[in-house]
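Summarising the annotation, TrEMBL assigns disulfide bond to Cys139-Cys321. The domain 'Olfactomedin-like' feature in TrEMBL is assigned to 138-394. Look at TrEMBL and you will find 1-18 tagged as signal peptide.
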Amino acid sequence: MKPLFVLLVSTAWTLIGAQNYYQGLMDYLENRLLAIEDRMQLWRDQSHRYRTEMLDFKKLTSEAIHGLRNDHSLMSKDLEGALLRVDRAEREMDYVETQNSPRACANRVDKVVEQEAWGLQEREEDEDWEELQFRVSDCVEIISSIKSAKILKRTGSSKGMWTRDPKSSKVYVFNGTSGDTIYQFNSVRDFSRSLGMASSRTIKLPSEWSGPGSAVYNGYLYYIKQEVDTDVQVVKYDLLSETVTETAMFPVESHASLYKLNPETVADLAADDEGLWLLFSPSEDEPNISLAKMDAVTLDIEQIWDTQCPRENAEAAFVFCGTVYVVYNTRLASRSRVQCVFDVNDMIVSEEAPLLYFPRRYGAHASLKYNPEEKQLYAWDDGYQIIYKLTITRKVLT
Ligand SMILES: *[C@@H]1O[C@H](CO)[C@@H](O)[C@H](O)[C@H]1NC(C)=O
Ligand SMILES: *[C@@H]1O[C@H](CO)[C@@H](O)[C@H](O)[C@H]1NC(C)=O
């Protein structure tokens, strides 16, 4: 019995020991689990935080991207708007340029193109249309020679000026180098058949014209007014209503003359389809001829060029298709010749332009007026009234 008791006790003891051992293990495990759970909770918290942060960030980026997308579309809209405006400005510039362009001869064609662009119905006849299209090339045209000369008449004093209004075909005669009277004839034929100025309409101007540098265009007379001790003025005179419609001062020293061989010419006006031009010398010290483009309606100066054509030995000048042709001679009059040209479009270089000789004549030109309608020159030569026909060719573009 005793050994059994001992076994029992020892077993119980062992059992109790095992029990203790397991309890300790359980406690240990429990603590570990708790610690792990704690840590997991911490991780969970942290991951939740990370997740929220992540979500926030995502929301933010998507908002930002959305915003950017909107901004971008706004920006592209702005850009498109800006491009449209640039386009329009460009077109406006082109329009303004064709309106004021000294690139003269293209004007008419541009106007036709404009009309088409604006869908205007009032287009000219087919004939005119073709003619206008042909005129595109006018601006690259140059005078290649003086084809012929026709002496129409001998009237008035040795110096003077005559011209024909390209619009009305009426002829205007300016006898001498200054005065307040001009003579109007209905046509060149009327003038050539007339007996002196008697059969003309006499127009008395409100002030004197100075020098043979006037121009007549579209029913208006443009003349230089220069009274003693006053500035030089350009006067626009309505020949129909006989009233001055506009005057403008000009930056010209009153004692300066334009052409050294014709000192009476203070300044020289030239009017044609392209508008109104003024050849002048800003001061007596200036060796070269200056050119101004004027608005024929308001007499505003639009642009000024230095032609680089000397005044010395110059006799007269005229404007053809945006190009100034200066005619030179010698003091002892010999053959007049165009020895300097100036193209406002820089398409014709003076050195490359053909040397134009006028036929041998009596004296020297007091004036030369180009008529764009007939492409001929009205000249006053020692009291003779002469018409020069011109040969015109296309400039070979290099
Ligand atoms: C032309 O003017 C001159 C003076 O410059 C004058 O002697 C002559 O009579 C005038 N001729 C005519 C036809 O008016
Ligand atoms: C005048 O024109 C000539 C060319 O004919 C040029 O050499 C000269 O520099 C010009 N003078 C002035 C003051 O512009």
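Backbone N, Cα and C atoms are what each Cβ position is placed from, and that goes for glycine too.
Remember, TrEMBL labels are computer predictions, not curated facts.
Just so it is clear, the model here is predicted, and its values are computed rather than measured.
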If you average the pLDDT over the domain 'Olfactomedin-like' (138-394), what number do you get? 91
If you count Cβ atoms within 10 Å of the Cβ of Cys321 (disulfide bond), leaving out that atom itself, what do you get? 28
